[in-house]
Amino acid sequence: MGGSDNGRDPLRVVIATSVVSKVADWQLGIVIPLVILAHTGSVAMTLVAFALRSAPYVASPLLGSLIDRFDKRTVFVLAQLQQALCLALLAVMLSNPLAVAVLLLLSGFGGVVVTITGQFVLIPKLVDSERRETAVARLASAIELAKVVGLLLGGLVFSTLGATTASWCITALYAVAGLMAVRLPSIPTQGPRTRIRQDLAVGFRWLVRPAILWLVVTMALANLAVGELETVLVTVFGDGGVDALVISVVLAAGLLVGAAGSRLGPHLWPSATVEKRILAFQLASFGALCVIALPFTVAKIVGYTAISFALGASNVASITYRQNTIPVELAGRVNAVIRMFITGAIPLSGFVYAWSSRLSGSWFWVPALGLAAVSMAVWGFYTLRSGRTAGLDPAMPSP
């Protein structure tokens, strides 16, 4: 594991590559929903189709095993290039909603591998434990800023040059990210390879640890509530006739605050246990979602800004905790199982909102508010029951 000198340049490569890839992700997130909405005229169909992008998280345990079996740099590079290939095909098939949906699904596999490798495998390999939280905060805040750039770039290119050019721009960004990742040092697999069945057993054995299981349940419920929030807002505003560039500016403003939340995350209520900090962030997120549900555009902007800050801070705490408690050689497998449930809830969030589209006005947001409330109740119960003064117990079962 690299020290302060050896780990600095590779860390910069990880951050820079992740930023370029995330710019592409969020340009994709505004361009493609608007394309699908334009061709189908259906809010529900748009949300369901774009939710397929996150569906591969269901297969994340298998993908995590793949990551742990091969050189991490090679996996990271190939995942970026796989997304570039999918988007190149998508750019020539924009008029076919079914083809677009299938290519979104396929590109999602590369997206899952990039996320797991970049956030949960590379940093523990390249950064010493005492510098890890700062490194995570740097990466998380850089990613939040990249989301802003992606939204603004996507809205600008879509409004001025059209959907096809915007799609080729996304393709180029993924390709550039893949080329940048080649600069990373080789990180080969350590130790003997095990069978996939054994890999899955390791991941699920860690998952059932109560401190992990309660976290997974509450985060999965939270993602059911707000996992597809940006896509929902893009679709709602687009259905109301709001210009793509205006939509991107509105969401970008909220994400800028989210970047601040990520950067400030390690410094927010540092004396409290991680359980209490997560609960506080959940309370803030719930209040912000209530504001979003109000039938005023200004309220939606303010609420989205607040929820972005809370989620940004929460993500840093959650990621750092997992990095510090899960051995690096198991990081891909264990985090993949965890993310199968947490991030796998994101596409289901799209289905929740698609179903809610039959409801009018503020009632549209009631199912999401209910899920957020249950998420808070679950974590609040665990926090009260645990009654610990320290953070989550780092003692984990051996593989």
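Using the three backbone atoms N, Cα and C, a Cβ is placed for every residue, glycine included.
Sequence annotations record features per position, and here TrEMBL assigns transmembrane segment to 30-52 (among others).
Taking Cβ pairs closer than 8 Å, the transmembrane segment (73-94) reaches residues 17, 21, 24, 28, 32, 35, 66-67, 100, 103-104, 106-107, 109-111, 113-114, 117-118, 122, 163-164, 167-168, 170-172, 174-175, 177-178, 181-182, 184-187 in its own chain, all 6 or more past its ends. Taken from TrEMBL, the feature transmembrane segment applies to 73-94 (among others).
Taken from TrEMBL, the feature transmembrane segment applies to 100-123 (among others). Nonlocal intrachain contacts for the transmembrane segment (100-123), taken as residues 6+ away from its ends with a CB within less than 8 angstroms of a stretch CB, comprise 10-11, 14, 17-18, 21, 25, 32, 35-36, 49-50, 52-57, 59-60, 63-64, 66-67, 72, 75-76, 79-83, 86-87, 89-90, 93-94, 132, 135-136, 139, 184, 187, 319, 322-323, 326, 328, 331-332, 335-336, 339, 343.
Residues annotated as transmembrane segment in TrEMBL: 135-159 (among others).
Taking Cβ pairs closer than 8 Å, the transmembrane segment (165-185) reaches residues 10, 13-14, 16-18, 20-21, 23-24, 27-28, 31-32, 72-73, 76-78, 80-81, 83-84, 87-88, 90-91, 94, 122, 126, 153-154, 157-158 in its own chain, all 6 or more past its ends. Under the heading transmembrane segment, TrEMBL lists 165-185 (among others).
Within its own chain, the transmembrane segment (206-225) has Cβ neighbours under 8 Å at 278, 282, 285, 289, 318, 326, 330, 334, 337-338, 341-346, 348-349, 352, 368-369, 371-372, 374-376, 378-379, 382, 386, 392-393, 396-397, counting only residues six or more beyond its boundaries. As annotated by TrEMBL, transmembrane segment applies to 206-225 (among others).
Residues annotated as transmembrane segment in TrEMBL: 245-266 (among others).
A Cβ distance under 8 Å defines the sequence-distant neighbours of the transmembrane segment (278-296), meaning residues of its chain 6+ beyond its ends; these are 215, 218, 222, 225-226, 229, 269, 272, 302-307, 309-311, 313-314, 317-318, 361-362, 364-366, 368-369, 372-373, 375-376, 379-380, 383. Summarising the annotation, TrEMBL assigns transmembrane segment to 278-296 (among others).
Taken from TrEMBL, the feature transmembrane segment covers 334-356 (among others). Beyond its flanks by at least six residues, the transmembrane segment (334-356) meets 43-45, 47-48, 50-55, 57-65, 67, 112, 115-116, 120-121, 200, 202-204, 206-207, 212, 216-217, 219-221, 223-229, 231-232, 322, 326, 363-368, 371 of its own chain at Cβ-Cβ distances under 8 Å.
Here TrEMBL flags 362-382 (among others) as transmembrane segment.
Of the candidate ranges 135-159, 245-266, 362-382, 135-159 contributes the most Cβ pairs within a distance under 8 Å of the transmembrane segment (30-52).
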